[in-house]
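Before any comments, here is the structure.
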Amino acid sequence: GCKGFLVKCDSNSECCKTAIVKGKKKQLSCLCGAWGAGCSCSFRCGNRC
């Protein structure tokens with residue numbers, strides 16, 4: 001299964017594909033923070049993957 005919002009990830013494929021955020025469809029991706037914070041999925045999944 002795919003991972004939810006702010007869950008650690010290694011690649012975009014681990015995060016949900018899309019979500020509706022404030023009425024707009026957003027592509028979800030694995031974002032990496034600076035200073036060794038690690039990578040996490042960009043938006044909350046809800047139940048859709």
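Even glycines carry a Cβ here, placed using N, Cα and C.
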Bond partner of CYS32 - disulfide, per Swiss-Prot - picked from CYS30, CYS39: CYS39
Bond partner of CYS30 - disulfide, per Swiss-Prot - picked from CYS9, CYS49: CYS9
Whichever of CYS41, CYS45 is disulfide-bonded to CYS15 when Swiss-Prot is consulted: CYS41
From CYS32, CYS39, CYS41: disulfide-bonded residues whose CA lies within 10 A of CYS16 (disulfide bond): CYS41
Those residues of the chain, 6+ apart, with a Cβ under 8 Å from that of CYS39 (disulfide bond): LYS8, CYS9, ASP10, CYS30, LEU31, CYS32, GLY33
Per-residue Cβ crowding (10 Å cut-off), top of disulfide-bonded residues CYS9, CYS15, CYS16, CYS41: CYS15
Per-residue Cβ crowding (10 Å cut-off), top of disulfide-bonded residues CYS30, CYS32: CYS30
